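Below is one structure, written out as structure tokens; comments come after it.
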Amino acid sequence: MSKLMLGIIDATTYKEEMKDLTFNRSIAAVPFAGRYRLIDFVLSNMVNSGIESVAIFPKYQYRSLMDHLGSGKNWDLNRKRDGLFFFPSPDLPVPQIGSFQHFQQHIDYFLRSSQKYALICNSYTVCNMDYEAILQRHIENKCDITQIRHQGKSLNMFILETSLLLELISTQQQTGYQSIIDVVHDPTNQLTICDYEYSGYVAVIDSIESYFLHSLELLRPNIWKQLFLKSRPIYTKVKDEPPTRYMNGSNVKNSMIANGCIIEGHVENSIIFRSVKIGKGTVIKNSIIMQKSQIGDQCQLNNVIIDKDVRISDGTHLFGTKEQPFVIQKGTMQGALMNS
Amino acid sequence: MIRKKCVAMLLAGGKGSRLNSLTKNLAKPAVPFGGKYRIIDFTLSNCTNSGIDTVGVLTQYQPLELNTYIGIGSAWDLDRKNGGVTVLPPYAESSEVRWYKGTANAIYQHLNYLKQYDPEYVLILSGDHIYKMNYSEMLEYHIEKKADVTISVIEVPWEEASRFGIMNTNEEMEIIEFEEKPVHPKNNLASMGIYIFKWSILKEFLEIDNCNPESSHDFGKDVIPLLIEKKKRLVAYPFKGYWKDVGTVKSLWEANMDLLVEEPSLDLFDHFWRIYSVNPNEPPQYIAPSADVKESLVNEGCIIEGKVEKSVLFQGVYIGQETTIKHSVIMPNTVIGENVYLEKVIVPPNMEIPNGTVIYAREQDDVILVTEELLENLKGREGGQR
């Protein structure tokens, strides 16, 4: 039934609070949970809900996002009919999610699509949600717009008829609505706005703090079990990494480890991405180490986020706090002396 | 069809009957290896890494899982507009299905596939071995030596030479004699079952072999001796590096354990010679607070709550609390309960090992392949020991 629905991912958001992780990438492309990017969750949810046409509207730094998504093959979206579409509009000012001006620039996509309904989502909400069930409810309750909420707060996810969306886009001058959010916030319009309360696990990643908190939260089995379901897998770009090697002297507790790592040290309460090396005698606690970073021997790391391709030389000590993790930017080197 | 310089023919029809229950419903090349791979991944990845983009895969026994796995070859970047991977099953004619009578007959049945590409050279491979090899270097050697046929050989320990097909060569590395499993070997260069043929020679000799009713239609037994007899130029290509036939439960176990030594001679972490495979969509592995993992290879989707030592764990394996796994290979999606002790065993895919099971090999050289039957037998006994 969701073949009737377009998936629209608004990846235009920029959050100042995330800037240490978004110098070279959009929030949608921020690495998460050991082997994913944030956008994988919403994209996989759409595909698992039967959506076959997905349009992504990016704005800032979308090189790494495009590299990640490619032809859409990993999400089964490399299709002759429908599939994955990419609509950047770097010059437009984007006030908030679901910008009509942004959609207007690519109106042909909406005009050419035959799907009756459209689902508009942001790119940084981590969950495993079945949109098919929500669409069902939307139709049954004869709603004009369904807004998905979690614990009362809007998740910036909306379902509406494509024809209504087209009408809202084309009448934006007269109505003054700049985005879908303006529409649901206006109590005076004649539309039936429904709320759908989603009770499953949701993590909204909009700051370093929430990134850190929700990442480490994944180490609780009752949480990752809600996110990684065998029947509704989260897809991502495939890397041909070998299995992870645990060496003599490795000691890993309560951690999530991706493939291709070589671990010789101690790792506790941490998330380790693909192809990370952790040296002898090194102790890593409550930290996130992103792909291809190399941590030398005899290092001590606690409450640290290490971005991609970082080298930490032997004997380095790095400490952040739970509230303010120490973030090391992509591609940098960190030595023992630099920090003292 | 655009002409190809070199086309590979991969013999993947082996029954692998010495792998017992592992190959009951599975062709040998599809047997899992190394925590995430299947045996055939090594040969297919070698092809891609050597720049060979046209590969015919000859299947026969239990082909379903193997065919599904190969698909259109995208995992190895072999989904090409021109060439790519083609699965070649035995021909079914209106009157009968003609099973492959031997390795040479298998290729003979698919001469039409080769004719399409009209290559200069044909590389013949088997899907039964674990190794990394640059076939383009072997091809250069073949061209340089002006050979009709080049056969890749590896030095084996003299005391084991009588288990292999041995090539007797002169100083020029020309093959003057081939002996299948000689009782008194004169040389220790074993054939690796990798041949490069001049296409014209291959065509000619397969036609001759096919007409010979006495022949068993096998490369080693029939075609190579015939080529030597007819004074064709056969050259041995010496290969150095890791190469292992994983034809038995023991050798499959050994090859897995070879990956766990301090510096394995087969490097899976070499980014310049990646081993490609169909990647399952599994989340990262979760190592619980109660777990202890040492000197092991662990793949994505595993959940480990127990102790794992010197073992290889494939994707989606669960290891329960108070369980110890030592020197073992646990294949995909197997669930191992609590208080289990396994040592020196191979557990096939998708098995469930109940709580409290104890299985270990008694004899120094034994490796136990866990089967449903074995588990059934253990049920009645106290402690479930073997």
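Placed from the backbone N, Cα and C atoms, the Cβ positions cover glycine too.
Non-local neighbourhood of B:Glu180 (alpha-D-glucose 1-phosphate binding site): B:Gly165, B:Ile166, B:Gly220, B:Lys221, each in the same chain, at least six residues away, with C-beta under 8 Å from its C-beta. Sequence annotations record features per position, and here TrEMBL assigns alpha-D-glucose 1-phosphate binding site to B:Tyr100, B:Gly165, B:Glu180, B:Lys181, B:Ser191.
The domain 'Nucleotidyl transferase' annotation in TrEMBL covers B:8-260.
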Lowest local Cβ density among B:Tyr100, B:Gly165, B:Lys181, which the record lists as binding-site residues, within 10 Å: B:Lys181
Extent of the alpha-D-glucose 1-phosphate binding site in Å [max Cα distance among B:Tyr100, B:Gly165, B:Glu180, B:Lys181, B:Ser191]: 23
B:Ser191 (alpha-D-glucose 1-phosphate binding site), number of other Cβ atoms within 10 Å: 21
For the domain 'Nucleotidyl transferase' (B:8-260), the mean pLDDT of the predicted model: 94
